[in-house]
Amino acid sequence: MPEIVLVGRSNVGKSSLIRAITRGAADVRVGKRPGVTRKPVFHELDGELVLVDMPGFGFMSGVPRRYQERVKDLIVRYLEEKDNILFAIHVVDAKALPEIAERWERRGEIPIDREMFQFLNEVGLDPIVAANKIDKIKPIEFEEHMDAVAEALGLFPPWRQWLDTLFPISAKTGEGLVEFLEALQERVRKAGYPEFARFFRTK
């Protein structure tokens with residue numbers, strides 16, 4: 001069965017996003033503690049398409065670093081080996097990402113979200129980025145902040161030149177979801193499954 005995978009660090013709102021785009025049709029467990037989803041969770045839509053909620057990579061509350069590395073390896077292996085994935089949705093915390101990326105860069109390391117975004121492109125999963133939690137960004141700072149989000153992912157600002165890839169949304173308030181759903185419709189059509197567009201209706 002064709003799949004769309006959702007990947008992202010722990011606690012960025014992957015499960016909340018699935019609940020929002022399926023209008024609650026998918027039975028989703030949403031938790032505040034990082035690392036609530038610890039193995040792939042499969043949400044079948046009409047027995048035709050599967051949304052796969054991958055475990056969050058990176059920090060997990062109360063979980064040894066060794067286990068966190070195992071989870072990351074599981075995600076990479078899954079994405080490399082599956083041949084039925086249409087594309088990936090890379091969910092990031094738009095509010096927190098620039099600061100987190102800066103911390104990684106200060107340590108001389110590649111930010112984990114940039115690494116994942118590049119990996120998704122390398123394995124041909126044509127990622128679409130859901131920059132979630134924009135309700136936490138002050139309107140006056142929005143443009144500058146989204147430029148920083150783009151930069152954190154390795155995309156040259158201004159962010160608006162990436163409107164087919166980078167979507168500011170709030171799974172909580174619904175802001176930006178119409179544009180995001182329209183992009184999902186376009187992606188499934190492009191993948192050769194126009195009939196799946198009905199799963200991402202805007203009304």
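Every residue gets a Cβ built from N, Cα and C, even glycine.
Database features, via Swiss-Prot:
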- 1-190: domain 'EngB-type G' (DOMAIN)
- 8-15, 35-39, 53-56, 132-135, 169-171: GTP binding site (BINDING)
- Ser15, Thr37: Mg(2+) binding site (BINDING)
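This view paints the features noted in Swiss-Prot onto the structure.
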residue	record	Cβ contacts under 8 Å, 6 or more apart
Gly8	GTP binding site	Lys14, Met54, Gly56, Phe57, His90, Val91, Val92, Asp113, Met116
Lys39	GTP binding site	Pro55, Leu74
Lys133	GTP binding site	Val12, Gly13, Asp93, Ala94, Lys95, Ala96, Ser170, Ala171, Lys172
Ile169	GTP binding site	Leu17, Ala130, Ala131, Asn132, Ile134, Glu175, Gly176, Leu177, Glu179, Phe180
Within 10 angstroms of the C-beta of Ser15 (Mg(2+) binding site), what count of other C-beta atoms is obtained when all protein chains are considered? 23
Quiz question: given the binding-site residues Asn11, Lys14, Pro55, which has the greatest number of C-beta atoms lying within 10 angstroms of its own C-beta? Lys14
Looking only at the domain 'EngB-type G' (1-190), what is the model's average confidence as pLDDT? 89
